[in-house]
Amino acid sequence: MAHVRGLQLPGCLALAALCTLVHSQHVFLAPQQALSLLQRVRRANSVFLEEVRKGNLERECVEETCSYEEAFEALESSTATDVFWAKYTACETARTPRDKLAACLEGNCAEGLGTNYRGHLNITQSGIQCQLWRSRYPHKPEINSTTHPGADLQENFCRNPDSSTTGPWCYTTDPTVRRQECSIPVCGQDQVTVAMTPRSEGSGVNLSPPSEQCVPDRGQQYQGRLAVTTHGLPCLAWASAQAKALSKHQDFNSAVQLVENFCRNPDGDEEGVWCYVAGKPGDFGYCDLNYCEEAMEEETGGGLDEDPDRAIEGRTATSEYQTFFDPRTFGSGEADCGLRPLFEKKSLEDKTERELLESYIDGRIVEGSDAEIGMSPWQVMLFRKSPQELLCGATLISDRWVLTAAHCLLYPPWDKNFTENDLLVRIGKHSRTRYERNIEKISMLEKIYIHPRYNWRENLDRDIALMKLKKPVAFSDYIHPVCLPDRETAASLLQAGYKGRVTGWGNLKETWTANVGKVQPSVLQVVNLPIVERPVCKDSTRIRITDNMFCAGYKPDEGKRGDACEGDSGGPFVMKSPFNNCWYQMGIVSWGEGCDRDGKYGFYTHVFRLKKWIQKVIDQFGE
C-alpha cells in the first residue's frame, strides 16, 4: 500500500500542475525548453545507436528539411543539437543541392555570411596572422568565447561571430590593424569571400628578425658612417663645442674613435650607437642598426668564470652597493636603496624571501598572496585622475624618479596616450582602494619620458618609461627606493630557475566579465616566480622576443602556479642579492598572453639592458 500511495501522490501533483498550466496565460514552452525537460530512457548497444543516429540525422536533415525537434530526436542531446542547429541554420541557403549542404555543414567553406565556417585558417586577406581570441594583446576584443559561446572561437581561427557582411574575420597581431577579413572558399563555388591582397614589403609587423648582417657587441666596434638618429635628426659633430661640453664628465672608452658626426657607442650603452643632436642641451638620439641578438646568459655574463651557483654559495653578504647615478640629477636614496626600513634595516625577513634565496642555491598576480605591510616600499600606484582608476604599477628608484612600462602611458590600440596632467602617483600604499592617511603620499608628475625606440607596433620592445615627480617625496617606513642592477648583479641573479618577486594590485584571475569586483584584491599582492630559459620563452609565443625582454613563471609540469595579470603592468620584478641583502629591480611587468595559462609565461622589460638610457635621461633632465 505504501508503494502504491507513493506513486499516486506525484500523479496528483502532476495533474494539479497540468490544470494550472491549462488555466495560465503561457501554456506552451519553446521547443528547446520542452525537449530539455523530457527524460528519455537510455537504450543499449551505443555503437549501433551512433550509426542509427547518424543515419537518422542525414535522412531527416540532409536529404530533407528538418526541424529542431527532429534533429534532437536523432542526436538525443540538447548541447549537441544546439551546436548542430547553429551550423544548420547558417547553411539555410545551401540546402539544395545535397552535396553543397554537406560541404557547408562540414564547415571548411563559407556559406552566405560564413557563420558556418569552422576551418583552421588563421591568416587575414593581407597575410597578417590572427590574434588568439582569448588574448588581449595587441587588441582588447569586445567579442570572445564568453560573449559569443556558440561561435566556436577556438585558437586564432577565422570566424564570423557577429555576422559581418564581409564574412569570416579575426583580430590581427598587428597593433595598427584591429580586425580584418579572411579569404575563405565559398561553398559550391570557385571563389573566395574576399580576395587576397598581400601588403607591400616592409609594412606591418615583423614576425622574424631582420636577415641583414648584424652588428656585434652593441656597436662598440662600429666604424660606419651613419650620422642620423632613428627619428631622422642629424648628429652633432663630436668635436663641436656643445658635444665636447656634454662629453667632459662622461666615462667614455678611449678606444672608441669619435669621428666627425658618425654614430658611436663610447659609453658601452646596451642600446647601441648614438649621438648628440641639436636642441635642448644634452639631447641625444639612438641610431638605427641591426644588432646581433645575444642570449641573456651571455650578455649578462660579463666574462665571469665562476659557475653562478658556486658564486652565490661561496659569498657572504658583505659587498657594498656601489652608487651609479649623479645625486644632483637623480636625487637621494641610491646610497641605501633596496634596504627596507621594516625588514633589512631591522634585520628581519619577510615570510617568503627565503624561497628566493633557496632558489639561488638549489637551482597581473595570480595564485599570489597578500603582501606584508612595508614588504615592497618602492611599489607605486599609477593613478588616473578622471575617471579615477588604477592604471598600472610602477617603482620608486629615488626621491624624484619613478620607473614604469611605456605601454601604461602610450598604447594607441587601447586609446592610451596619457600626459603628465592626466595622471598622479600614489606611493607607500598597501590597500588598493582605501586612502591610507599618514602613510601614503600622492605626487604630481613634472614630466614623462618614454624610450624613443619603444616598439608598440610590433612586440612592446623597450617597454620602459621614466616619470619625474614635481616635488621630491619624503622616505618613511613605507616609502623607500629600490636599487637598479649593475652588470655583476645581473650576471649573478638573472639565471634560469632563480626566483624573483612580482607585486601589484592587478586582477587575481583572468576574466572577460564586466563585473571584476570579485577578482580584484583588497591589498597589495605578491608572488615569487622563477626565471625561464630563453629558448622556452621564445617557443611559448608567436610574438618575436628580443634581448630587451626575459620571461618568468612556472612550467606546466612544475606543480606550482603564479603570474602577473591585468593591472600589474608597469610594476617591479625584484630579486634580493645574497651578497649585500639589497633588493634590485631586474624587470618591469610588460606583457603576457592571458594570465597563468599552462605553457604561457609573463614577459618583463630587461632593466639592466636599458640602464644607460635611464642614466642619459636623468643626467639630461634631472636638474
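Each Cβ is built from the backbone N, Cα and C atoms, and glycine gets one as well.
Listed features, source Swiss-Prot:
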SIGNAL    1-24  signal peptide
DOMAIN    44-90  domain 'Gla'
MOD_RES   Glu50  4-carboxyglutamate
MOD_RES   Glu51  4-carboxyglutamate
MOD_RES   Glu58  4-carboxyglutamate
MOD_RES   Glu60  4-carboxyglutamate
DISULFID  Cys61-Cys66  disulfide bond
MOD_RES   Glu63  4-carboxyglutamate
MOD_RES   Glu64  4-carboxyglutamate
MOD_RES   Glu69  4-carboxyglutamate
MOD_RES   Glu70  4-carboxyglutamate
MOD_RES   Glu73  4-carboxyglutamate
MOD_RES   Glu76  4-carboxyglutamate
DISULFID  Cys91-Cys104  disulfide bond
DOMAIN    108-187  domain 'Kringle 1'
DISULFID  Cys109-Cys187  disulfide bond
CARBOHYD  Asn122  N-linked glycosylation site
DISULFID  Cys130-Cys170  disulfide bond
CARBOHYD  Asn144  N-linked glycosylation site
DISULFID  Cys158-Cys182  disulfide bond
DOMAIN    213-292  domain 'Kringle 2'
DISULFID  Cys214-Cys292  disulfide bond
DISULFID  Cys235-Cys275  disulfide bond
DISULFID  Cys263-Cys287  disulfide bond
DOMAIN    365-619  domain 'Peptidase S1'
DISULFID  Cys392-Cys408  disulfide bond
ACT_SITE  His407  active site, charge relay system
CARBOHYD  Asn417  N-linked glycosylation site
ACT_SITE  Asp463  active site, charge relay system
DISULFID  Cys537-Cys551  disulfide bond
DISULFID  Cys565-Cys595  disulfide bond
ACT_SITE  Ser569  active site, charge relay system
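Feature annotations (Swiss-Prot) mapped to structure.
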{"residue": "Cys61", "record": "disulfide bond", "CB count, 10 Å": "22"}
{"residue": "Cys66", "record": "disulfide bond", "CB count, 10 Å": "19"}
{"residue": "Cys130", "record": "disulfide bond", "CB count, 10 Å": "23"}
{"residue": "Asn144", "record": "N-linked glycosylation site", "CB count, 10 Å": "18"}
{"residue": "Cys182", "record": "disulfide bond", "CB count, 10 Å": "28"}
{"residue": "Cys214", "record": "disulfide bond", "CB count, 10 Å": "12"}
{"residue": "Cys292", "record": "disulfide bond", "CB count, 10 Å": "13"}
{"residue": "Cys392", "record": "disulfide bond", "CB count, 10 Å": "27"}
{"residue": "His407", "record": "active site, charge relay system", "CB count, 10 Å": "26"}
{"residue": "Cys537", "record": "disulfide bond", "CB count, 10 Å": "21"}
Given Cys551 (disulfide bond) and Cys182 (disulfide bond), what distance in Å do their CA atoms have, once rounded to a whole number?
32
Given the disulfide-bonded residues Cys170, Cys235, Cys263, Cys275, Cys551, which one's Cβ is surrounded by the fewest other Cβ atoms within 10 Å?
Cys263
How far is it from Asn144 (N-linked glycosylation site) to Cys408 (disulfide bond), counting Cα to Cα, in Å?
24
With the cut-off set at 10 Å between Cβ atoms, which of these recorded positions ends up with the most neighbours? Options: Asn122, Asn417, Ser569.
Ser569
Can you name the recorded positions among Cys66, Cys104, Cys214, Cys292, Asn417, Ser569 whose CA is within 10 A of the CA of His407 (active site, charge relay system)?
Asn417, Ser569
Quick one: of the disulfide-bonded residues Cys66, Cys287, Cys408, which has its CA closest to the CA of Cys170 (disulfide bond)?
Cys408
Neighbour count, 10 Å Cβ-Cβ cut-off, for Asp463 (active site, charge relay system): what number do you get?
30
For Cys292 (disulfide bond) and Cys263 (disulfide bond), determine the Cα separation and express it in whole Å.
17
Shortest C-alpha distance to Asn122 (N-linked glycosylation site) - which of the recorded positions Glu64, Glu76, Cys537:
Cys537
Out of Glu69, Cys130, Cys392, point to the one nearest Cys537 (disulfide bond) in space (Cα versus Cα); all of them are recorded positions in the record.
Cys130
Looking only at the domain 'Kringle 2' (213-292), how are its residues distributed among DSSP helix, strand and coil?
10 helix, 13 strand, 57 coil
By CA distance, which of the recorded positions (Cys61, Glu64, Cys392) lies nearest to Cys91 (disulfide bond)?
Cys61
